């Protein structure tokens, strides 16, 4: 008895069967992904959606009733001098911390990428250790180190003759922000260094060897080979570092609690003070509006920055292409 066999393209039913088979074959992948999806929805997606909803109410977080107020909270944010002061301090902090972190991390990565350097794995670990140290612990320890009365930093500077009296690094409104920014750069520089190392390790070693044969020194080699080769990675590294520099709450809260005289109160601490401070009635609805407003502003700024960097890179490639022709 002859056996019939279908010849030709699969029908819609056959495609559906193939899709079901693929899903069934990958069922354990979805099972193992399920906990991450559930936890992400619980602790990321749900709070974000709730924050959007609460931002349109005057809820204090205490009573059960949430009274809808429309855009009143957002109008108040637009005219809130305290918010805009915190906003300005946040971007001043970012403008100081991000370039310093990127430059120092790149220099460290270039040095630690040298295969001739002995114990470079040890040095890489030392640079990365602050990253895996709890931020709150770093903040408390650095506060003790910078203590003007018995802190080791002041003691060392006095013994070296650099200063003639103790400096209150965290108590002086003119120094507190820069002191916290310095600690932030030290804490997270190791992460940026890892990103730069990954970028540097994509550069073929043959290019460096050819440059040495041609008599190029280190500066010429890095300028002509390293910088052009890692520029595409720089876009991503800059954006990641910029967004990370906005997440400063644990460190600032541990070191200064936003003081002295609100000198280090960034937007995250301002939101915390509105929502959870004990000195007046919490305003969770207004705090949510501030958070949403700031988040959207940062998103727009980040997208504009990414577009600008990509545009500049595209123009640079066009110029180089024209020069070759």
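Along the chain as shown, residues are numbered 1 onward.
Glycine too: its Cβ is placed from the backbone N, Cα and C atoms.
Here the transmembrane segment (28-49) has no long-range neighbours, meaning no same-chain residue at least 6 beyond its ends has a C-beta under 8 angstroms from one of its own. TrEMBL lists 28-49 (among others) with the feature transmembrane segment.
Taken from TrEMBL, the feature domain 'ABC transmembrane type-1' covers 87-305.
Taken from TrEMBL, the feature transmembrane segment applies to 91-113 (among others). Long-range contacts of the transmembrane segment (91-113) within the same chain, counting only residues at least 6 positions beyond its ends with a Cβ under 8 Å from a Cβ of the stretch, are 120, 123-124, 127, 177-178, 180-181, 184-185, 188-190, 192-193, 195-197, 199-201, 222, 226, 237-238, 241-242, 245-246, 248, 266.
Long-range contacts of the transmembrane segment (125-146) within the same chain, counting only residues at least 6 positions beyond its ends with a Cβ under 8 Å from a Cβ of the stretch, are 108, 112, 152-154, 169-170, 179, 183, 186-191, 193-194, 250-255. Among the features that TrEMBL reports, transmembrane segment is placed at 125-146 (among others).
Through the fold, the transmembrane segment (175-198) approaches residues 89, 92-93, 96-97, 100-102, 104-106, 108-110, 112-113, 124, 127-131, 133, 135, 138-139, 142, 146, 167-169, 230, 233, 236-237, 240-241, 244-245, 248, 251-252, 255-256, 259-260, 263-264 of its own chain, all at least 6 residues removed from its boundaries and within a Cβ separation under 8 Å. Look at TrEMBL and you will find 175-198 (among others) tagged as transmembrane segment.
Outside the transmembrane segment (225-246) by six or more residues, the chain places 90, 93-94, 97-98, 101-102, 110, 184, 188, 191-192, 195-196, 198-200, 202-203, 207-208, 211, 268, 298, 302, 305-306, 309-310, 313 with a CB less than 8 A from a CB of the stretch. TrEMBL lists 225-246 (among others) with the feature transmembrane segment.
What TrEMBL lists as transmembrane segment is 284-307 (among others). Long-range contacts of the transmembrane segment (284-307) within the same chain: residues 51-52, 54-61, 66, 69, 73-74, 76-77, 80, 83, 87, 235, 238-239, 242-243, 246, 267, 270-272, 274-275, each at least 6 residues beyond the stretch ends and with a Cβ under 8 Å from a Cβ of the stretch.
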